[in-house]
There are 6 protein chains.
Amino acid sequence: MTSEATTAPVIRADGRTADQLRPISITRGWSKQAEGSALIEFGNTRVLCTASLTEGVPRWLKGEGRGWVTAEYAMLPRATNTRSDRESVKGKIGGRTHEISRLIGRSLRSIIDTKALGENTIVLDCDVLQADGGTRTAAITGAYVALAEAIRFARENKIIPASSQPLTDTIAAVSVGIIDGVPMLDLPYVEDVRAETDMNVVVTGSGKFVEVQGTAEGAPFDRDELNALLDLALLGTEQLAAIQRETLAEAP
Amino acid sequence: MTSEATTAPVIRADGRTADQLRPISITRGWSKQAEGSALIEFGNTRVLCTASLTEGVPRWLKGEGRGWVTAEYAMLPRATNTRSDRESVKGKIGGRTHEISRLIGRSLRSIIDTKALGENTIVLDCDVLQADGGTRTAAITGAYVALAEAIRFARENKIIPASSQPLTDTIAAVSVGIIDGVPMLDLPYVEDVRAETDMNVVVTGSGKFVEVQGTAEGAPFDRDELNALLDLALLGTEQLAAIQRETLAEAP
Amino acid sequence: MTSEATTAPVIRADGRTADQLRPISITRGWSKQAEGSALIEFGNTRVLCTASLTEGVPRWLKGEGRGWVTAEYAMLPRATNTRSDRESVKGKIGGRTHEISRLIGRSLRSIIDTKALGENTIVLDCDVLQADGGTRTAAITGAYVALAEAIRFARENKIIPASSQPLTDTIAAVSVGIIDGVPMLDLPYVEDVRAETDMNVVVTGSGKFVEVQGTAEGAPFDRDELNALLDLALLGTEQLAAIQRETLAEAP
Amino acid sequence: MTSEATTAPVIRADGRTADQLRPISITRGWSKQAEGSALIEFGNTRVLCTASLTEGVPRWLKGEGRGWVTAEYAMLPRATNTRSDRESVKGKIGGRTHEISRLIGRSLRSIIDTKALGENTIVLDCDVLQADGGTRTAAITGAYVALAEAIRFARENKIIPASSQPLTDTIAAVSVGIIDGVPMLDLPYVEDVRAETDMNVVVTGSGKFVEVQGTAEGAPFDRDELNALLDLALLGTEQLAAIQRETLAEAP
Amino acid sequence: MTSEATTAPVIRADGRTADQLRPISITRGWSKQAEGSALIEFGNTRVLCTASLTEGVPRWLKGEGRGWVTAEYAMLPRATNTRSDRESVKGKIGGRTHEISRLIGRSLRSIIDTKALGENTIVLDCDVLQADGGTRTAAITGAYVALAEAIRFARENKIIPASSQPLTDTIAAVSVGIIDGVPMLDLPYVEDVRAETDMNVVVTGSGKFVEVQGTAEGAPFDRDELNALLDLALLGTEQLAAIQRETLAEAP
Amino acid sequence: MTSEATTAPVIRADGRTADQLRPISITRGWSKQAEGSALIEFGNTRVLCTASLTEGVPRWLKGEGRGWVTAEYAMLPRATNTRSDRESVKGKIGGRTHEISRLIGRSLRSIIDTKALGENTIVLDCDVLQADGGTRTAAITGAYVALAEAIRFARENKIIPASSQPLTDTIAAVSVGIIDGVPMLDLPYVEDVRAETDMNVVVTGSGKFVEVQGTAEGAPFDRDELNALLDLALLGTEQLAAIQRETLAEAP
């Protein structure tokens, strides 16, 4: 945060200052079946991200010598405080699920050199086991780790050449919002529902924007508020990028 | 645009400068059946917006003395250059359709005082008859006109008191993007597919943001590029707001 | 009508005599994206017909040297006086929609020489923008114009030889019905709901029947009534055929 | 047939003359579970019709003191010569199924006095066990018998007063068509696929039309051909009505 | 039953002793369209089983020189005492239907030598026309007859060599259950709903088990009860196997 | 196992003897949102079971003073070695999923006194996070722990009286199978695919059967083999019951 004066004194329900992330934990390789996986926690939000690598690409991409990365997001029925019906039982996927799946896929593709991936496909499945706000940003941040692991797997198993570098950068995401006029970082559910403005920001390891999705839930927001939120988001994603680096640096 | 030097000299394929809107046309009352309607054109993009007013609200809102506004977006199969399968035939709605319907609904609700609307529901149907880029921003801009007409209808037919003011502001939207490094306003399809960054911005008549949705399609974008795009968007939505006012000022 | 004495004196709510069509308008080329298109109006009924031409045929027809023509009919949710749920949202197509799509497809195929069309497919989309009775007959009549335009396009773009004549005749359709014992031509919604017998008749430019679909909504009908209705239908389709010819004769 | 000279000498593949029905058999009460049932056979076409009577009516009809009659048609997957996929497995009902279900429902409602039925609902299920052309006309003819049985059941079980007469007439249906220029009655599959024109006619016991659905499969048809087909249809339905009367006259 | 003392004195509502089957009837070749068919009756339960033989196998089995046998089970809406909604209308197949289809398929595959069948597929459709308990066991028992007929057809039509023996055994199934503490054979609906334990047993002609599916509907069951039920099941399936043999021995 | 001589010497791929369970782990309260939860592991099989308690019962049970317990089973797309499509994306639930959900629900209901539960509903969600054989038996065993926790919750929060004892017993399940002629306990995936006979057995804490589901995947099985499998299953479920008791005895 640029302006300590404004936000630092606010102490939130969970004891954090306005510009603090929740405790972040990433357990790499949580799933033994997938080529890459990570169980990521942003406080009580817990998302299992797996990366499934298969040779070949969707039909519309065949023969172009490029790979494909896509994502699917879902929530267990009792990830939330009250149980929701399963989308498989309802027979259709809701708009919110679709929207988040597309966001995760776009975000990860933004740091992939599909030529270097060869004609291979990686599907990122992000299943929310427990939800407490920020599930889509945790999913993007965790999916990056699963993706990096799957690419390491591809290299080690000679699916792509050892010299291939399909990852052009790292990627992380965080939510920010304005509550009672104060911009805050990484909102848990209890803050999220009260936010006047809610923004999800996806940022590369080099500090550039991939997605900026700001929504006025209550009152519209002005240019200054937008800037304060972007400052907070950059602060948070920088820390997330550091945690990602550490996690991936550990021996597998 | 802040920086004339950068953008003014660029002449686009359709003869516009970088900071110019396409020809905008709004035909109010195009549909005789709906309580409110508008056929809106942003160049060759043509969207029919109808507002359907019914007494009563969805069950989860009953008894709270508040109204409800929602939206559904769809595209005719041959609105685009090649025909798409109908979503009704496929038996499910795609992620993009869902996402845009939700965006339109949120945008319009941001300028509605639901208390003043009473326990009434307004559904905005935005059907794209011809698509040439910017269909979602045209839909929001046209839906506002249909919504305003429906509220006028409600007042004239004593469904709400003559003194009720459910509209707290006006709302318009425009797309902006960066093409070959140049920020540009109101992208037609041919530009949209080439844009490195693509942003849809929803702005109130009073110049505040309701939605900012920026996506790096190619390279990630930095803070300066983001600012240049927001400047352009505010320029465009200000002009759209003026056209909306004129349209609604005409005798019905 | 055979019997002037019976029907001529009746003046309908909209000022027409029993054997008069509503004002008919056909705007050819209304859509810029499709190979052929027509916005057709039968009074307040307004249907947008587009023809999409693609090379190739469905799998079951491959290699036979013949083309394929099919149609899809749909209604915008607020084409009618009260809003209907979208079939895409409901996840299934209703029986009425299916039935009308099939009727339009069969009608147009009856005047097509599929050999002369070569292995090309034309899909006619008939979307009802405003409904006031007779939407299926307007759709058939308008779809013919879009189809003829698409075939002209195919010839001009050398998709079929310049000498090919895939159209063997013209086709038009009209509704007729018995109201208070009086056979009437081209029923608007207000008459349609009151009709004892309702009949849709599809007729070639040379005056032969392609479809005769008569339904007793109230009392069953006898042979004389059937004959009176067929007379009226032939009268109406002859006039529609003349309007189609004029529309297509105009420079594109 | 009006003109013996034309049609009588033609001997069809199954040995019939042009104006002859196939062997007709109706087994009343074939199903022990339903309030009314009939297994009907038109040659090798075999349809099981059951009538399910329940108290109450659909919501939109409540409180009007009137009953409701509706129908559902379906085909077993191996009713036909090659197996079709089940519509339940495909997850949607095809257009043809929808169309025929609606036709059967309309036909039966045309001879029902819904006031006399009271607020009761009768659903006719017509399941084709074996298909050899004319399944929809056999279904209508058999459904009438099941319906009459269910009404007798309602009377005997005092669900409606003993004096109620919900049936205003009887109803039967037959297919007719033109093959090699010759109008023929009651087409089996092998003739149906060759017919230039195909017509299904639904006729009351008193000889009036309820539905006339004629379709030119090959060449369009003229007024004389239409008249010849209607003559044949009336001949056939008169015989079917006689068989229905006999069936229902037998002790249960 | 091994122990006459326990069960013989019990006389059931339909006059049977505890160890007696209902009257069993199998009409082979009931359907003229299918390569094999049987209408099977266990008392009032009536199931139409057809076998559809097609050359070729599902994609995942291609090129392995083996055939495939699968089954689909369904119930007519009014097979039961009160009408159920059609699964085709609901747009999805219920869990019970799925479960039984899979059971029938597995049971029949257990006595098939897929090598001897060659690359051919047989689909068994088991449609319940009337349901009075034991529909799945009747379906398996009848499907065997249809399957055997289809294999005879394949041999006679030289689809498989005259010397091929794809059937390695026969297969039949029966339900057993404990009612008021007494193990009973072949439960009709009225007994089925009262059973504390309900078991479906699929047994080969040589007396070995293919499926044992026991469920405690009320109180859990012990080892002795399980044994008594298995004894009864073997008694019943032995009789069913004899009836199958007789049916297939008759000249077609 | 009755016959040590037969099975003890066999050492399986994972080092177990034929009558040994895999390492079992139950983490109670793994999910913070649900009224009851357990993460259960049978070797590498890992299932998250949550119990959702809500007041009220389904409509068909209202006013009877009894509660309801039901279950839903699902697998994450990459729980298995190769990724499966999501059932929510396919828009329908597969037969296997349906079948297992029903099995879990029935099993748990068998040890519930629904009167003592009052008009409350408990939904057990069993989501397979990692699959290595025996997922349905792990799900039943874990769901019991989640259910017991939810009932404790209900008692502590006075949703049911402190003296209510809705649980009448405990319940656990295990798979058994015959591999190369040897009956074995608790099969991992690699054994499961090779098993000639596969059986899932659900047993109460008091050693009675609730479900016995044996299937011959290869050769049919005889009475002796069935008995050997049941012996093994009772051995395994007794150990599982002990682990459940320990888990639930720990302070929450």
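All residue numbers here begin at 1 and follow the chain in the order shown.
Using the three backbone atoms N, Cα and C, a Cβ is placed for every residue, glycine included.
Database features, via TrEMBL:
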| type | residues | note |
| --- | --- | --- |
| BINDING | F:ARG96, F:GLY134, F:THR135, F:ARG136 | phosphate binding site |
| DOMAIN | F:20-150 | domain 'Exoribonuclease phosphorolytic' |
| DOMAIN | F:170-234 | domain 'Exoribonuclease phosphorolytic' |
Practice task
For the domain 'Exoribonuclease phosphorolytic' (F:20-150), jot down how many residues DSSP puts in helix, in strand and in coil.
Solution key: 42 helix, 43 strand, 46 coil
Handout entry: Fewest-neighbour residue among binding-site residues, criterion Cβ within 10 Å, set F:ARG96, F:ARG136
Key = F:ARG96
Handout entry: Residues of the domain 'Exoribonuclease phosphorolytic' (F:170-234) by DSSP state, where helix covers H, G and I
Key = 16 helix, 30 strand, 19 coil
Handout entry: Intrachain C-beta neighbours of F:GLY134 (phosphate binding site), sequence separation six or more, cut-off 8 angstroms
Key = F:ARG22, F:PHE42, F:THR45, F:VAL174, F:SER175, F:ASP186, F:LEU187, F:PRO188, F:ASP192
Handout entry: Largest separation between Cα atoms (Å) of residues that the record links to phosphate, namely F:ARG96, F:GLY134, F:THR135, F:ARG136
Key = 13
Exercise for the section: For F:THR135 (phosphate binding site), write down the residues of its own chain that are at least 6 apart in sequence and whose Cβ falls under 8 Å from its Cβ; none is a fine answer. Expected result: F:THR45, F:VAL47, F:TYR73, F:MET75, F:ALA79, F:ILE100, F:VAL128
Handout entry: Near-site residues: phosphate, ref F:ARG96, F:GLY134, F:THR135, F:ARG136, CB cutoff 8 A to centroid
Key = F:TYR73, F:ILE100, F:VAL128, F:ALA131, F:GLY133, F:THR137, F:ALA138, F:ALA139, F:SER175, F:ASN200
